[in-house]
Amino acid sequence: MKHFENGESDLEEGKTGKDRDKALRNNRVFRLHNQALLSGLAYCISSCSMILVNKLVLSSYDFNAGISLMVYQNFISVSIVTILSFMGIISTEPLTWRLVKVWLPVNVIFVGMLITSIFSLKYINVAMVTVLKNVTNVITAVGEMYLFGKHHDNRVWAALFLMIISAITGGLTDLSFHAVGYTWQIINCFLTASYSLTLRRVMDTAKQLTKSGNLNEFSMVLLNNTLSLPLGIFLVFVFNEIDYLSRTPLLRLPMFWLVITFSGVLGLGISFTSMWFLHQTGATTYSLVGSLNKIPLSIAGIFLFKVPTSVENSASIFFGLLAGVFFARAKIRERSS
């Protein structure tokens, strides 16, 4: 009887052990899903908020010193990253003169990319900026073909063609069309594509000049934003923003300082959340969510800033956003094949 009872007890313990393992596995899967969902939401919220807050500063507050705004935002990012690195929360590579010399050409393009983005956002509504940014993908694809000999399949080219059509029809039907804003946005597309293509060439060389042999996202944020400060301050004087800053009453408003500081935190938040989301999911989900994220951003931009629109323009914007999703899916299939 004692032997039988022991056997029964072992069976019960075995079942309990299996149930415990199953519960642990379920908890782990649930935790991973939660992490992926949280990181995805954080990435979407930070990336959408950054553009909307910048639009608020430039249009609603009518702030006419875009370069100064860029310098202040980058200063906030540098300060936060430096503090977190000093506390040991994140790791960054030390900035050496050799690394700076290699990275300087990339940084000049980076500064141009940020400034033209701010200049265009002042004049163009958020939805049209989102659609016009698709042109960057076209320029990048052509650049990859000529510089790196990379060939894209027909689905990718079809998606790129749809992006061009949507950008043209969107511009033609834009009720708030502004030639200056569109000019800055076209320049921004070329600079963004140039930044992406130049970064690929410089990255391998830059990694060799670091202590760890790697250059993570935080090190890139620190490197880019630190180097952008002297160049940005120089451009503030060149564009004579000092005169505007000395006269504007906005700098005496505590709420205005709170908003532009928040925009700087959001800029860094995009880097943090994109890394977190990419780590929790993968490049496929990341690129798809990035494309889908433009849809609520465009809708929010139209309603929050009361943008005058027509059925034709709304259709062009929606068509452009769908082309972006189609492009992301085509790139995913291209990578997998």
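Quick reminder: no glycine exception, Cβ is built from N, Cα and C everywhere.
What TrEMBL records for this protein:
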type     : residues : note
DOMAIN   : 38-326   : domain 'Sugar phosphate transporter'
TRANSMEM : 36-57    : transmembrane segment
TRANSMEM : 69-90    : transmembrane segment
TRANSMEM : 102-124  : transmembrane segment
TRANSMEM : 156-173  : transmembrane segment
TRANSMEM : 179-197  : transmembrane segment
TRANSMEM : 218-239  : transmembrane segment
TRANSMEM : 255-278  : transmembrane segment
TRANSMEM : 285-305  : transmembrane segment
TRANSMEM : 311-328  : transmembrane segment
- line: Tertiary contacts of the transmembrane segment (156-173), defined by C-beta under 8 angstroms and 6+ residue spacing from its ends, are 128, 131-132, 134-135, 137-138, 141, 182, 310, 312-313, 316-317, 319-320, 322-324, 326-327, 330-331, 334
Query: Which sequence positions outside the transmembrane segment (69-90), separated from its termini by at least 6 residues, show Cβ-Cβ distances below 8 Å to it?
result: 54, 57-58, 63, 111, 114-115, 118, 218, 221-222, 225-226, 228-229, 232-233, 236, 260-261, 263-265, 267-268, 271
Winner by Cβ pairs under 8 Å against the transmembrane segment (311-328), considering only 36-57, 218-239, 255-278, 285-305: 285-305
- line: Over the domain 'Sugar phosphate transporter' (38-326) the mean pLDDT stands at 88
